[in-house]
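This report concerns only the one structure given below.
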Amino acid sequence: MSRHYSPASYCLVLILLTIHRVVVFAAPDPLPMIIPLHLSTPNVSLHRRTGDYSRRHLQNSNLPKAHMPLYDDLLSHGYYTTRLYVGTPPQEFALIVDTGSTVTYVPCSGCEQCGNHQDPMFQPELSNTYQYVSCNPSCNCDDEGKLCIYERRYAEKSSSSGILAEDVISFGNGSELSPQRAVFGCENLETGDLYSQRADGIMGLGAGRLSIVDQLVDKGVISDSFSLCYGGMDLGGGAMILGRISPPQDMIFSHSNPFRSPYYNIDLKEIHIAGKPLKLNPNIFDGKHGTVMDSGTTYAYFPEEAFRAFKDAIMKETQSLKQIHGPDPSYNDVCFTGVGREVSVLSKVFPHVDMVFGNGQKLTLSPENYLFRHTRVSGAYCLGIFQNGNDPTTLLGGIIVRNTLVTYDRENNKIGFWKTNCSELSKRLPSSSVPSPPVVLPTGNTSEVMPPSNPTVGLSPDFLPGDFHIGIITFDMLISVNNLSIKPNLTETAMFIAHELEVQNSQVHMLNSTLSGDNYLVRWAIFPAESGDYISKNTAMDIILRLMEHRVQLPDRLGSYQLIEWNVEPQRTMTWWQQHVLGVAIGIAAALLVSLLGISIWWIRRHRQQNFGTYERVGASNPEQELQPL
């Protein structure tokens, strides 16, 4: 995914669409749905804008929410993904979370030109709830006038096209929201970065009738709000919530004008660096589409004058650092060396940045919100802010909101920001213990009641006996690295495994590592947490499923892996001697030490007494002794 765009590209992508506002009857406010996010490769969509713009107003906030984890990280992949399940039985897909797109689409079987992605293509013939959308006046139709079709073209010269279909969409086991029927794109052609990316497709969160958010709001199952939280510089991960959440008390907000642009925008007025405002006309951030929030863009792009002022101010505050060339010679990146690899040292070297909104509130950015790590020079960092060509639009990508909970409150036309640890957020989000209600699916003139789909299959809760306590989980990974002369960083790998399995770092241990052909075979073990003696069945099942379903995502620099096997060992019942072996050993050692000390003292005293008995008093006459022959 390219980071610099020509004016022609932006003109193509940022087409101002007709905006209309639809006020719907008062309905109970649906609960939010939280979805985990995952980060993916930089060749992913930066701008995806299309479709009409409509808003819905719901009056109450007691509706369910979908809590969904996010995966991957911003720079090693270039995007965040979440898991979505389509069809009955459900088929799983890793989709890029994109607030700049309105259509959700996945590659379908029979695709004429689709890349090799993370998961198999969607197979409509295997879903008994699949239906294509017939040609109608509200859609573009195919040449034969039978099917609705879609086509999307993006600034980085990639494209996606296919037919529109309808099926049951599921949001994962952690979601309060039951599976829902929704319209999505069934891809039969993709080009450019969309073809080569690892992720399967796009989850469109933009404003438009085909947006997954608009469809759920129109059904009255969630409130008109959603939130995203992207992880930090090294860990990645995060969470997504579809539906309304109670904002933290110190969350700051900016007005978002739905009539200003077809994209989510904020009212940015000033930028301060190290407490000093940049000398800019406040209207500079209001050009063309204004200041746009785009989760599908990796970096941030300022108008030329604002970019130059920002760059000069940062360089003035970091005069002690040496400037170097960027990792890609085709770009004139602004990079600094001599900083150190630890993220914690960045705030000691680089200044903080304040974004001041029209209401006077300000969002404070730490260095990780405007820097990215140099991929070729250790301890070096580069500006993640670039000039937006000749386009006066200000575009804020994912780097700006690292470790920031961003709430898109569409009902109240505002966007909220709250600094937090996004990598840990999904663990802190409340989950519903109430089972999902059945789903009513239309079948001709009747309705069929079906139980909610369970997208996680393969293990039964009874796969372990009820009295079976798990003491350790072991698994073997075959890790492939690009350069065999460099051994993989297994310490860092262990930290990522702990993060992806949602366990403590102290629970993950490497048992052994051997070179197997061109790969490294590594055996890992998951031990109980320090606060427990064994791993619970639910936790063990979650860990095993994440491993079996290849949910553990490693950054490209750590290599790719293949899971060879896993094993569960029971908690070992310790005998009295095993439980008290340390105390017994200490007691025996102390007794031996005391005994040896007593024997030593006795021997020394006896030896001295014998020696003292041979001494004569001074002046005593001693006969001369003859020398004995040798």
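Cβ coordinates come from backbone N, Cα and C, glycine included.
TrEMBL lists 1-26 with the feature signal peptide.
Each residue in the domain 'Peptidase A1' (80-418) has a pLDDT score, and their mean in this model is 93. Annotated domain 'Peptidase A1' per TrEMBL: 80-418, in sequence order.
The annotation active site is assigned in TrEMBL to Asp98 (among others).
Residues or ranges marked as active site by TrEMBL: Asp294 (among others). Summarising the environment of Asp294 (active site), the number of other Cβ atoms within 10 Å of its Cβ, over all protein chains shown, is 25.
Annotation comment: TrEMBL describes 581-604 as transmembrane segment.
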**Item:** Inter-residue Cα distance where the pair is Asp294 (active site) and Asp98 (active site), in Å
**Value:** 7
**Prompt:** 10 Å Cβ neighbour count around Asp98 (active site)?
**Reply:** 27
